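Here is what TrEMBL records for this protein:
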BINDING   Cys97, Cys100, Cys133, Cys136  Zn(2+) binding site
Amino acid sequence: MGKEQCVSFLTEHGIKPTANRIVIAETLASADCPMSVKELEYRILSIDKSNIFRTLMLFKEHHLVHVIEDGDGGIKYELCLSHDHNVDEDEHLHFFCERCHKTICLHEIPVPIVSLPAGYELRGISCVVKGLCPKCRKQ
C-alpha cells in the first residue's frame, strides 16, 4: 500500500492523514506479520514510542488495526482490511511460534463462530494457536 492509498484508507476511516499516521499505516501495510510497538519504533526511527502508541490507539478506535495478544504476553498490531469501517470482518487465526516468537497471520483460517449466552455482547475474538512454525520445526 503506497502513500496515496494510505491517505485514502485513513480518510475513509475518518482519520486525518498526518505525516506520522501515514508512515505508521504504510509500515503496518508492508509488514509480513503483526508488529509490536517496539518493532514499529525500531523500524520508524523518526517517530517516538508515545506517538506510535497514540496512533495505534486511534487506529484501533476506528477499526483500522487488529490488536493481537501474541501468546507470549505481548501485544501486536496488524492493519485491518475490513470493508465495513465499524466491524472487523476479516478476523482470522494467528499462530505464535514458541521458538522464534514470531506471530503469523493465518488468513485462510477464519476465527470460529461463538454463540454467547443471553445478555452477553460479542465485540471481538482473539484466537492464537501456539506451536512451532515450519522453519523452527525443521531445526
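Each Cβ is built from the backbone N, Cα and C atoms, and glycine gets one as well.
Look at Cys100 (Zn(2+) binding site): DSSP puts it in coil. Set side by side, the binding-site residues Cys97, Cys100, Cys136 differ in how many other CB atoms lie within 10 angstroms of their CB, and the most is found at Cys97. For Cys133 (Zn(2+) binding site), applying a Cβ distance below 8 Å and a minimum sequence separation of six or more within one chain yields Phe95, Cys97, Arg99, Cys100, Lys102, Ile104. Listed in chain order, the residues near the Zn(2+) site other than Cys97, Cys100, Cys133, Cys136 are Glu98, Arg99, His101, Lys102, Leu132, Pro134, Lys135, Arg137, each with its Cβ within 8 Å of the site Cβ centroid. According to its DSSP assignment, Cys133 (Zn(2+) binding site) is coil.
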